[in-house]
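**Student:** Annotation source TrEMBL lists active site, nucleophile at B:Thr240. Residues or ranges marked as substrate binding site in TrEMBL: B:Thr203, B:Lys229, B:Thr240, B:Glu326, B:Asn449, B:Ser454.
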There are 2 protein chains.
Amino acid sequence: MPGKKKTIKRYARRVDKLESKVKKLKARLKTGGVGAEIAPAKSAMVSPFAPARFPDLPEIDGVRFASAAAGVKYAGRTDVMLAEICPGAALAGVFTKSSTRAACVLDNQAKLAGNPVSDQGAAILVNSGNANAFTGANGQASVDAISGKVAETLGLPASRVFTSSTGVIGEPLPHERITNVLGELKTKLSPASISDAARAIMTTDTFPKGACATVAGEGGEIKIAGIAKGSGMIAPNMATMLVYIFTDASIAPDLLQKLLSWQVDDTFNAITVDSDTSTSDALILAATGKSPAAPLIEGSDAAIAFEKALRAVMTDLAKQVVMDGEGATKFVEVQVTGAQTTADAHTIAMSIANSPLVKTAIAGEDANWGRVVAAVGKSGAYAERDLLTIRFGDIVVAEKGWRNPDYSEEATSAYMKQAELVIGVDLGLGEASKTVWTCDLTHRYIDINADYRS
Amino acid sequence: MPGKKKTIKRYARRVDKLESKVKKLKARLKTGGVGAEIAPAKSAMVSPFAPARFPDLPEIDGVRFASAAAGVKYAGRTDVMLAEICPGAALAGVFTKSSTRAACVLDNQAKLAGNPVSDQGAAILVNSGNANAFTGANGQASVDAISGKVAETLGLPASRVFTSSTGVIGEPLPHERITNVLGELKTKLSPASISDAARAIMTTDTFPKGACATVAGEGGEIKIAGIAKGSGMIAPNMATMLVYIFTDASIAPDLLQKLLSWQVDDTFNAITVDSDTSTSDALILAATGKSPAAPLIEGSDAAIAFEKALRAVMTDLAKQVVMDGEGATKFVEVQVTGAQTTADAHTIAMSIANSPLVKTAIAGEDANWGRVVAAVGKSGAYAERDLLTIRFGDIVVAEKGWRNPDYSEEATSAYMKQAELVIGVDLGLGEASKTVWTCDLTHRYIDINADYRS
C-alpha cells in the first residue's frame, strides 16, 4: 500500500525534525546565560523575505530622527522614536476607520484637520510595546502628557506634536518612561538616523522596513523616504499600520493630502496578514519644502512624477509589511481581473487573501485551487462559477467552471514551492480589476499570537 | 530576572513535550504494521468535546438508513450513506448561498422547488471524500448518474432523489464507485442505522454528530432525529454544512420549510470554525407523517412545540459542528447584547468569532480582551468605544472604554483555562442581541489544512 509507505516516511521525517529541535533546545538550556542564547534562536525566526540589510534611505532636508530605549515594555532594545520636522512643512495623514481606535489616532486626526501647515515646526513621537488603545480617559491623558513634554523639549506648540503607540491593547501606557527619555532623544537628533527610527517602532516585526524614491522636480530633485512597521493585526481599512513618510517636496497641504489619499486603496488597503484591522493604524506624510525644486502644482509633470514615486514608496512599504507578516513563509499576490466593478474585484481578492483554508494550503505548498473557488463563492460579490479562470503563476489550473483538461498536478505542485506566488482569478464579466498582497498562515503565527501578552 | 526564568521554564516544558512526542512516534515506527499503529494516534486527536458515545436517536417511522464503503477517496471506512424516505413525506431544505456552489446543491434546490411532497417515496444519497464541486458539466452528469441509479434501485422517480457530496473541491467524482454499492445499500436499509449514516458522511470530523427531540403532538408523540457533519470550511451563509433531519410529524411542506428557515439564522448561521463558507452546505429536513399525532397546523400549540424542538435539535447539531471544528480545543460562545439592530449584533459577534487573533489568544489561554475590542472596532457595525462592556464568563474585564478597575489578571487567566468559554460584549446602545459559537485556532488546524489533499 503506497499510502502506508507515505505515512511511514512522513512520520520518520517528523521524528527527525523533532529530534533536531530537542537537541537545539537542550543545548540552549544547558548554557548558563539563557538570554544570550535565546537571542540567536529568535533571529533564526526572521522572515525569509527580510532584505540583507536596511535600504540606504536619503536624508530628507528638514527632518531629524532619534530613538531611545525607554523600557515601555521591551527590554534591551529601542522602543521610542522621535522625528523633528522643520517649520513650514506640510503634513497629511490617513488613519484606521476602526470604531475602537486609539486616543492617539483621534488626537492626530483632530490636529491634522485643524493645522496642516504651520510656520512652526512639528514632531512625531512613536512608542512600541503598548498601543495606549482602549485605555479610557487615561488614553488622552497620556497623549497630552507626551505631546506637552515633546512640545516643551523642542520648542513647539503641542498642537504640532503627533503621536502613535503600538503594542498591546488595554494596558495603561507608562508615559513617564517616554517623557523621561526626551532629553536624550533631543541630543541625539540627526537627519541620518531614520534606520534606527525604523527599528524602534517594531513590535513582532522581524526586520525594519524602509523605502525611498527620488523625483525630478522643476529645478531640482525631490526625495521621498518612508518607514513602516507590521506585522500582525494587519487588514487596514482605509488607512494603514504605522507608516511615516518624509519628503523635501514643496507642496500645499491639501494637494499633499489628496495625492496621499489616492494611493491608499491600491497600497496599504490592498494588503492583509490576518484580516484583523488594528485600532492604531496611522500613516503620516510630511513634506518639508526644502528641495531646490519648484513647488508642486496639481496636474504638472513634476506633481504626476511625485505621485507615482509616492505610490511606489507606499507599495514597497506595504509589501514589506506583508513579507514580514507574522509567521509568513510565502508572499502571495492575488490578482482579480474581469470583474464588473472594482469593489467586487477588491471583495473577491480580499476573500481569497483572508481565507484561512487558502492560506494554510499555501503554507503546505498544496495547489488546492478548489479553496480559491470556495473563497470566490463565499465573498458575496458577483461571480459566475462557469466563467471563472484560475491561474497559479502562469499555469491555468481551472477555466470554464472546471479544472483545465491539461492540468498537471506535478507542474502546479512544483510552482507552489516558490517563495513568491501569484494567484490569478479572472471573473470573465467585465474590465475591473484589483491586486492585493497577503502571506501564508503557519504554525509560527499561532506561536506568536497564542502567547503575545506574556 | 523573572523574564529569563519564565523563558527557561517554557523551554524546558517544550523539551519535555517534544521528547515524549519523539518517543511515541518512534514506538509507532518500530512496529511492523503501521496502519494499525497509526489508528490510535489519530484517535488521540479526537476533539476534547467528543461525547462518550453517539446519542440514542429514536427510529423515525418511514425512514431507513444504510451505509457502505465505496472507496470514493478514503480507504477502510464507510463513505456513502443512503436514506430512504416513505411516500407522502414532506421535504424542506436550506442551502449555501455561495456563488460557486456545487452541482448537487443546485440540483437539490431545483428538485425541492418543484416537488416538495409526493405520493412517491424519496431518497437522500451522500458521499464523503469528494465534493463534486467546480467540476463543470461533469458535476451535473455525476449527479444525474447517481440520482438515476438510486431511483432505479429503490423504484422512485429521479426527481425525488437528493444528493450531497463533501470533500475535496475540483476533482472529478468517481460516481461509478457509488453506484456500484447501491445494491449493497438497498439490502442493508434499516430504520435503526442512523448512527452508521452519521459516520459515513464524516470528512475531517473526529466524531459523528446526532441530536434528537420528542414533541407532544395532538394525539401522540412526534419524534425528531438529525445528523450533521463538519468540520472545516464552516461559516454557513443562510444555510449550513451537511445536515439531515428526520421527523415523523405530519406537516404541510410549506409550513415545514417556513419552520426550518426561521431557525437557520440562530443555529447554523450562528456558527463559524474558520470563516470559510463551503460550496456544498445543505440541510434537508424530511417529515414522514407517520406519527400518530394530528397534522401540525400553523400557530397551534403542537406546531409551536415542534418548532421549539426542531430549533433545539438544530442548535445541538450546530454546536457539535463547532465542538468538532478542525483543531478545536476550546468551545466559545460569543454573546453580543445592547446593539441597535440584530444585524449589527450578528456582524460584531462574527467579527469576534472569526478573528484569528482572538482565536489564537483563546488557544493560548490568554485573556487578551484587547483583541475583542479590535474585532468590535473593525467590524463596520455601529459601536461606541466608550460604551463597551466586555465579559469573560461572569468576569467584567472592561467597561466604559477601559479595563475594569477591579480587573484581576489571575482570575481571568484562571477562567481562560476552561474548555468552554463565554465572551460577552454589551454595546450599550440598544436592545438587539445575537449569540454565535466558535472554536479556537490551533496548530492542529494548520496540520489538517496544510496537507488536506495529499
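Every residue number used here counts from 1 along the chain in the order it is shown.
Just so it is clear, glycine is given a Cβ too, placed from its N, Cα and C backbone atoms.
Note: TrEMBL annotation is automatic and uncurated.
Are these features on the surface or tucked inside, and what touches them?
**Tutor:** Cβ-based neighbour count (10 Å, all protein chains) for B:Asn449 (substrate binding site) stands at 28.
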**Student:** Under 8 Å Cβ to Cβ from B:Thr203 (substrate binding site), same chain, six or more residues apart: give me those in sequence order, or none if nothing qualifies.
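**Tutor:** Non-local contacts for B:Thr203 (substrate binding site): B:Ser128, B:Gly129, B:Thr166, B:Gly167, B:Lys229, B:Gly230, B:Ser231, B:Gly232.
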**Student:** Tally every other Cβ atom lying within 10 Å of the Cβ atom of B:Glu326 (substrate binding site).
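**Tutor:** For B:Glu326 (substrate binding site), the 10 Å Cβ neighbour count is 29.
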**Student:** When each of the binding-site residues B:Thr203, B:Lys229, B:Glu326, B:Asn449 is checked against chain A, which show a C-beta distance below 8 angstroms?
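**Tutor:** Sorted by position along the sequence, the hits are B:Asn449.
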